[in-house]
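Chemist: Below is the structure I would like to discuss, written out as C-alpha cells.
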Amino acid sequence: MKKIGILTSGGDAPGMNAAIRAVVRTALVNNIEVVGIHKGYLGLHEGEIFPMDRSSVSDIIQKGGTILKTARFPEFAQPEVREKAAQVLKIYGIEGLVVIGGDGSFRGAKGLAELGIKTIGIPGTIDNDLGYTDRTIGFDTAQNTVIDAINKIRDTSSSHQRVSVVEVMGRDCGDLALYAGLAGGATTILVPEKKFTKEEIIKTVMDGKRQKKHHNLVVIAEGVGNSDEIAKEIEEISGIETRLTVLGHIQRGGAPSAYDRILASRMGHRAVELLMEGKSARVIGTVKGEIVDYDIHEALTIKRPFNEKLYQIAMDLV
Ligand code: F6P
C-alpha cells in the first residue's frame, strides 16, 4: 500500500480529529503517503483532495468537529456517482480509503469496496447506533455534554419545582438519552426502542409530585416524536409547569473526552494496519474494551441491541 485517503462523512462527532491524526501519523511512520479529502463523499466526487503530512494534524487531538469538514451527500447512493468517485480515487493513485462516519457513510464505503477500492470504516457518531460495536467515537463526549446541560437545567427546575423535558439527539437509537438519563438522574427516559403511553409518562410525573420531588426530569430522544407536544401534554394533565429544552447541535461540539481521544487513536491506528494487511470492506469497533474489525456487510446488518438492564437500573433508581 503506497497511498491512502481519508475522509469524514455524515454528522461530525468529537474525536474525529483524533482519529484523522492517528490515521495520518500511522500511515506516515509506515512510509505510506496520505491525502485528505474535504467534505466527505461530496468532496471526493468533486476531487477535493490534498496531501497531508505530520503537521497537517498537529494541534487537533483536542479539537471538536472535523478538520476535513463533512457533508451529507445522499446522492452517493446512486451507482454512477459512486463510480465517478472510484474513478477519482484511481486517478489520484489512492489505493486505500479510510472513512470515518456512521451507517450511511459505511454504506458508501461498502459501495466503493465493491468497485475495487480498499476501504476501512471507523465509527464516528454521537448516536452510538451501530450494532457491531460497543461504542462509537463521539458518544462519550456527547453524553458528558448532555449531563452538563442536565445539571444546569436541574438547578433552575428544582428552584421552580417544574417538570423539565430535555430532548437529546438520536434518531433511531436511544443510547444518548438512556446513558445521559441514568447519569443525570432522569425520572423518565423516552427512547425510540421502547413503547410507552402518555399515561405512563404522566404517572411518573405524578408519582414525583406525591413524593414531593423538587423537580421532574424527562429525557427524550429526538426519534421518539414531538417533544413540544409531549411537554405541553405533561403540563396540561399534571398541572405542573413544564419547560422543554432541546439541546440540539450543542451535543455534537466540544473538545473530545479522554475516552473518545483514546478510542479514536486506537481505531485510526488499526485502520492503517488493516490496509497494510491488504484488508478491505472492514469496519473497526470495540467489544469489551478490545479493538475488533468486522466485515462491513455483516456489520451493517447488526441492529444495536437496546440495553434493557441499564434502562431497568435507571427506572429502579428514580
Ligand atoms: O447522526 C448524528 C445526528 O447528530 C443525529 O443524532 C441527528 O438526528 C442528526 O445527526 C442531525 O443531523 P444534521 O446536523 O444534519 O441536522
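Heads up, the Cβ atoms here are built off N, Cα and C, so glycines get one too.
TrEMBL lists these features:
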{"type": "ACT_SITE", "residues": "ASP127", "note": "active site, proton acceptor"}
{"type": "BINDING", "residues": "GLY11, ARG72, PHE73, GLY102, ASP103, GLY104, SER105", "note": "ATP binding site"}
{"type": "BINDING", "residues": "ARG21, ALA22, VAL23, VAL24, ARG25, ARG154, LYS213, HIS214, HIS215", "note": "ADP binding site"}
{"type": "BINDING", "residues": "ASP103", "note": "Mg(2+) binding site"}
{"type": "BINDING", "residues": "THR125, ILE126, ASP127, ARG162, MET169, GLY170, ARG171, GLU222, ARG243, HIS249, ILE250, GLN251, ARG252", "note": "substrate binding site"}
{"type": "DOMAIN", "residues": "3-275", "note": "domain 'Phosphofructokinase'"}
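On this model, are these features tucked inside or out on the surface, and what's nearby?
Modeler: Mapped onto three states, the DSSP output places ASP127 (active site, proton acceptor) in coil. Sequence-distant neighbours of ASP127 (active site, proton acceptor): residues of the same chain at least 6 apart with a C-beta under 8 Å from its C-beta are GLY11, GLY102, THR136, PHE139, MET169, GLY170, ARG171, ASP172, CYS173, ASP175, LEU176.
If you draw a 10 Å sphere around the CB of SER105 (ATP binding site), it holds 28 other CB atoms from the protein chains shown.
Same-chain residues at least 6 positions away in sequence with a Cβ under 8 Å from that of HIS215 (ADP binding site) are, in sequence order, ARG154, SER157, SER158, GLN161, ARG162, VAL163, SER164.
According to DSSP, ASP103 (ATP binding site) sits within a helical segment.
Just so you know, the Cβ of ILE250 (substrate binding site) picks up 14 other Cβ atoms within 10 Å once every protein chain is counted.
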Chemist: For the domain 'Phosphofructokinase' (3-275), what's the model's average pLDDT?
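Modeler: Mean pLDDT across the domain 'Phosphofructokinase' (3-275) comes out at 97.
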Chemist: Compare the Cα of ASP103 (ATP binding site) against each of the binding-site residues ARG21, LYS213, ARG252 and report the nearest.
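Modeler: Minimum Cα distance from ASP103 (ATP binding site) across ARG21, LYS213, ARG252 lands on ARG252.
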Chemist: For the C-alpha pair, I'd like the distance in angstrom between PHE73 (ATP binding site) and THR125 (substrate binding site), rounded off.
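Modeler: Here the two Cα atoms are 16 Å apart.
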Chemist: Which number gives the other C-beta atoms within 10 angstroms of the C-beta of THR125 (substrate binding site), all protein chains shown included?
Modeler: 26
